[in-house]
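Student: Below are the features I grabbed from TrEMBL:
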- 70-92: transmembrane segment (TRANSMEM)
- 128-146: transmembrane segment (TRANSMEM)
- 153-173: transmembrane segment (TRANSMEM)
- 185-211: transmembrane segment (TRANSMEM)
- 218-243: transmembrane segment (TRANSMEM)
- 249-272: transmembrane segment (TRANSMEM)
- 318-338: transmembrane segment (TRANSMEM)
- 358-378: transmembrane segment (TRANSMEM)
- 390-406: transmembrane segment (TRANSMEM)
- 426-447: transmembrane segment (TRANSMEM)
- 459-483: transmembrane segment (TRANSMEM)
Amino acid sequence: MNQNDDDRQQLLNDNDDDEILGGGGCGFVAAVMPSDGEYEDRSDCLNHLPELCAEEPDQKIQLTYAPAEGATFIFFVFYLLGIGTMTPWNFFVTAEDYWKYKFRNTTLNETDTLDELTPLQKSFTCDLTLTATISGTTFLILNAVYGKHVSLGVKLLGTLTAILVLFGITTAFVEINTDNWQEQFFLITLIIVVILNISAATMSGGLYGIAGLFPSEYMTAVVSGQALGGIITALAFILVLALDTEPKTTAFIFFILGIVLISFCIVCYIIMVRQPYFNYYLNGGDQYKIIKAAPSHSREEDIGVPLEPIMSHVLGKIFMQTITLALLYATTLSVYPAVTILMQSEHYGSKSAWSDIYYMPVVNYLFFNCGDYFGRLLAGWWDKPTNRHTTFLFTIVRVLFVPFFLCSNSSEHYFLPILIKHDAAFISMMIVFGLSNGYLTNNLLIMVPRRVKQHEKELASSIMAASLSCGMVLGSLLSMAFVQML
C-alpha cells in the first residue's frame, strides 16, 4: 500500500455520513474510486481492502482526491450561474416604464397617457407576479421530487438556452408595433413569463443541487452571485434614471444585457462540464470511508451499487432548516419590496434630486442588495451558528423588522402611525435587513449538505430551493395585506 499515512488517517469531521457495507471480509461503503496512480482499476483497489482492514481497523480514510486544476474556474462559473439565475428576470421586471408604454391608451396624446392607467397597465404587474410565482414555485417543488430523473444538461444548459431564446423574442418585440393588438401581446408576454420562470426555477433548483455536492464555498458562490445580480440590476436602474432615456431604449438595453449575460453563462457552462474537477465532485467527490473488520458471518452486499435518496428520510433530516428558510423569505418578501418601495425621504418634495428621484431606488434596491450580498459573503467566511435551532431563533427575532417597516415614513399611511421618521434610521434598517437576509440564507444552505449523506446532498439542496420559493410565495401574499394596513 503506497498511500501516505497522513492522507490515509484523515478523519471525517462531519456527521456519521456513510453506511458500512459488508463485503470481502471488511466493512466498506459503495462507490469508492482509487486515487490517481494508486491502482490500475477499481477492482484492484477493492482487492486491497483486506490489507487496509488488517493495517488500520476502524479507521475513516480518504480514498479519492480532487484534481488540483480547475477549482478556481469552477468557482467563477458557479458565481456567474448564480448571477444568471435571477438577473435576466430582474431586468425583465425592472423595465416597468416599457410595459406601461406597450399597454398605454393609444387613442390619447402623449401628455394624456399619464393621467389614468389603462386596465392592462393596472393588471400587468399583478398578473406578472402571479404567473411568475406560481410557475416558478411549482417547478422548484417538482425539481425537488423528480429532479433526479432529469439530466444535468437539461437542468442547466437546456434552461439557459430556453431563457436565451425567450429574451431574444422579448427583445424583438421592442421594435414591433403592438398598439393594434395589445391584448394578444399581453397574453404572449404572460406565456413568455411562465416559460421563463419555469426555466429559471429548474435551473435554480438544479444549480442548488449541484452546488450541494461541492465544498461549502461553492454554495456561497451561487448565493452570492444571486445577490450580486440584484446589485447589478439596481445599478442599471439608477443609471437609466440618470440618463433619462425613453422606455423603449431602456428596455432594449436591459434585454440586450440579459442576452449577453446568458450567452456568457452558456459558454462557461460548456467549458465547466469538461473539467475533471467538476466531474470529480459530480460523481461523488471526496469519499471518507470507514474501513473496519466485519464479522465473518455478516451478509455480503454488492459493492458499488448506487444509493437512491429517499425524500422522506432527507426531509426528516433537514426539516428545521426548510422551515427556517421559508420563514426567512416570508418575512423578507412580506415587506420588501411591496411595502418598502412606498416609503419616502423625510425631505421628499424639496425638489432635491436625491430625495425626490434617487432616494428610493438607492435605498430600497441598491442598499438592500448590497447588504444581502455582503451578508452571504460573511456567512461563507464565518460559518456561525452551526446549530439549526439557534438559526431558527435568529430568524424569529428578525420578524420584528416587519412592524418597524410598516411604521416608516410614507405618504400612503392611513391607519398605522409613523414611528420611523428619519432617513438615517430607515437606511440603517434596510442595510441590516438585507445583511441578515443574506447571512442567514447562506448559513442555512451551507448547513444542509453537512447534515445528510453524500448521495442525499443534491436532493437536500433542491428541497431547500423549493422551500425558499414557498417562503417567497407566502411573503408575497402577506405583502398584499400589509400594503392595505398602511
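Backbone N, Cα and C atoms are what each Cβ position is placed from, and that goes for glycine too.
Predicted automatically and left uncurated, TrEMBL annotations should be read as such.
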Student: Give residue numbers and ranges for long-range contacts of the transmembrane segment (153-173): same chain, 6 or more residues beyond its ends, CB-CB under 8 A.
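Tutor: Residues packing against the transmembrane segment (153-173) from afar: 81, 84, 88, 92, 143, 147, 185, 188-189, 192, 195-196, 199-200, 202-203, 205-207, 210, 252, 255-256, 258-259, 262-263, 265-266, 269-270, 273.
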Student: Give me the stretch from 70-92, 185-211, 390-406, 426-447, 459-483 with the greatest number of Cβ pairs under 8 Å to the transmembrane segment (318-338).
Tutor: 459-483
Student: Hey, which bits of the same chain come close to the transmembrane segment (426-447), Cβ under 8 Å, at least six residues off its ends?
Tutor: 208, 216, 219-220, 223-224, 227, 321, 324-325, 328-329, 332, 336, 340, 343, 363-364, 367-380, 383-386, 388, 391, 394-395, 398, 401, 404-405, 408-409, 420, 461, 464, 468
Student: The transmembrane segment (459-483): which same-chain residues, six or more beyond its ends, come within Cβ distance under 8 Å?
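Tutor: Long-range Cβ neighbours of the transmembrane segment (459-483): 129, 133, 136-137, 140-141, 143-144, 147-148, 201, 204-206, 208-212, 219, 309, 311, 314-315, 317-318, 321-323, 325-335, 338-339, 342, 402, 406, 412, 441, 444-445, 448-449, 451-452.
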Student: Excluding the flanking five residues on each side, which residues at least 6 beyond the ends of the transmembrane segment (185-211) place their CB within less than 8 Å of a CB in that stretch?
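Tutor: Hits for the transmembrane segment (185-211): 78, 81-82, 84-86, 88-89, 92, 99, 102-103, 120, 124, 127-128, 131-132, 135-140, 143-144, 147, 150, 152, 154-156, 159-160, 162-163, 166, 169-170, 173, 178, 218-219, 221-222, 282, 445, 457-459, 461-462, 464-466, 469.
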Student: Have the transmembrane segment (249-272) and the transmembrane segment (128-146) got at least three CB pairs under 8 Å, pairs 6 or more apart in sequence?
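Tutor: These two stretches do not touch.
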